[in-house]
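Annotated features, as they stand in TrEMBL:
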- 250-509: domain 'GP-PDE' (DOMAIN)
- 67-85: transmembrane segment (TRANSMEM)
- 105-134: transmembrane segment (TRANSMEM)
- 146-165: transmembrane segment (TRANSMEM)
- 185-203: transmembrane segment (TRANSMEM)
- 215-236: transmembrane segment (TRANSMEM)
- 522-544: transmembrane segment (TRANSMEM)
Amino acid sequence: MGRSPVSLSRLKLGKLKVVRRQLLQRYEHQPFVSCLAGLYGCQWRRYQRAKAQPGECCCSRLECSSFALLIVTFVLTLIFLYFWSEAQNDYNDFDWFNFGNLGFWFPWSVVLLVVAAALFTYIALLLVLAVCLLSEGQRLYLHWSHKIGILVTLTFSISATAVLSDLWSKEWTTLLLSFQVTAPFLHVGGVSLMTLLSWPIALHFFRMNKRVRQVALLGLFLAVLFALYLVPLGMYSPCIKEEGTLGPAPTLIGHRGAPMLAPENTQMSFEKAVEAGGEGLETDVTISYDGIPFLMHDSTLRRTTNVHEVFPNRTDTLAAMFTWAELEMLSAGSWFLQRDPFGTASSLDEDEKVQIQNQTIPTLKEFLNLAAQHEKMVIFDLRRPPREHPYRDTWISRTLEVIHNESSINSSQVLWLPADQRSLVQEMDPKLQQTSGDHASIEELQDKHIVRLNLHYSYMSQEQIRKYASVNISTNLYVISQPWLYSLAWCAGVHSVTTNALHVLKKLQRPLFLMTPDEYSLMWILTDIISAFIITAIFIFHWWRERGLPFWSGSRQVNENGPYSKFRTEASEVHGIRWNPLFFDGLSLPRDPEFPLHVPPVHGYPVPI
């Protein structure tokens, strides 16, 4: 028994409404696609673009090469940006290094960071646009200006990485240390990114009609995904430890005082370090031509004094070749306000700025008396005078004379760092705390009566620190100014650190990253499980959608072959239905080569396309 005319008309009317709704959805979606294609390839009009049909390649060979180059540039730029952002602890050293080579001050480190961040953002946006276009089934066409931008960014990343690796190779150690703090969060970020990428990957996997391409795409995706899932197995961090096993915070030693708040190696700088709560003070000692030990880090006076104004012909003369009377004529603070090496000068009030202008070079005696007054321990490097200097051979004894006879400090407050004539110094004053800058064996250190090590933070090792501590040799690391690096030293059991940012690190109540093994395992496993569930759901959804949803018409099943199929309305299915403009609510649909429609005339009335 056949259907009634009324039920048949309703069925066919419903199908026309489905067609109308799908058409509206597609045309309303066009502004979004146009925006993507316009930003990526300057293809703002629909006729400039072409769709990639199921199973076809997304673009030409040239555009495939451009897309591959975009991915490579993204990876290399990300590596450099992460590398340089984690090197902030040593930005000051980098800028002063350039000052020594170029002869003028400029914050190169910050400029390099800003440029790297800007270029990475640009490349990341291009990559996002490309992925979105692929998800929309569009063929990729990268505009020539973007191709030039990619090449410039790639050249910058490679060149900057090569130069810094040559001049600043220790920063790769800093990069490896940073993973001990950031690896758990990088793992979560990496897994999240792969989870997001699973949407376009699954879409194109089920669209491909060549098995080799499918296997290659899915194999590469799963290899990266499983590698990320298993990365935590090889991760080590001293900040992942059982609850209650964290030791006390390392004591803080002001590196040349408080150089972020006042000019380094000045009386004001050391007073600021004491006010900030530093337990120790670090400096560098040089002996003047007439035998007065004074505080100066560099071999010349060019960087931290106005020697170019007072003695313009002696700018490059060694500091030790000046008499004390000449050194007293120099300002040791005006340079701080002019160059603002840490970007902190604006936070100072007017009285402090006036005080800075009046700073002079301190003597070792003044430094030791300040430490004695506040009961602070001191550590200093001692520069041996150059040849032709009157104190070339008596520099050690002259320094000890100041400690014993001219200052009020107790010898036990002094961490004696100079390695020259150590045995003689030990005999003359056994109360001095013998400190070594050598990463030597325990037996060798004990033979020299070493009680403290003063090492660069790149030598940080929880195992070594524990070995030294087991024989009562404490460890001091320099120069640590970033909170994440200080947190790592804290977790590793370091006893003290020398820092430029004493006022910042003093505020830390606990390490920035601290987690028990159980908490970390839970974080890791949950991240992987949730990611695997979402990715599986995405692949199932695309498999289900690409095979189409069943629509029943009587005893016959009709399948829509996925989102990229063409709309088809057979004449037999719409027979008996007159064209009514109300069905389309006055919608005027222009011809679009991207969406070909095949709708035959009904009762002699052509359907407007």
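Every residue gets a Cβ built from N, Cα and C, even glycine.
No curator has checked TrEMBL annotations; they are predicted automatically.
Taken as a whole, the domain 'GP-PDE' (250-509) shows an average pLDDT of 95 in this prediction. Tallying C-beta pairs under 8 angstroms between the transmembrane segment (522-544) and each of 67-85, 105-134, 146-165, 185-203, 215-236 places 185-203 first. The stretch with the most CB contacts under 8 Å to the transmembrane segment (146-165), chosen from 67-85, 105-134, 215-236, is 67-85.
Remote same-chain residues near the transmembrane segment (105-134) are listed as 33, 36-37, 39-40, 58, 67, 70-71, 73-74, 77-78, 80-81, 84-85, 87-88, 91-92, 94-95, 98-99, 140, 142, 146, 149-150, 152-153, 156-157, 160, 197, 200, 204, 338-339, 341, 343 (criterion: CB distance under 8 Å, separation of at least six residues from the stretch ends).
Taking Cβ pairs closer than 8 Å, the transmembrane segment (215-236) reaches residues 179-180, 183-184, 187, 190-191, 194, 197-198, 201, 204-205, 208, 520, 524, 528, 531-532, 535 in its own chain, all 6 or more past its ends. Packing against the transmembrane segment (67-85) from elsewhere in the chain are residues 58-59, 112-113, 116-117, 119-120, 123-124, 126-127, 130, 140, 142, 150-151, 153-154, 157-158, 160-161, 164, 171-172, 175: each is 6 or more residues past its ends and has a CB under 8 Å from a CB in it.
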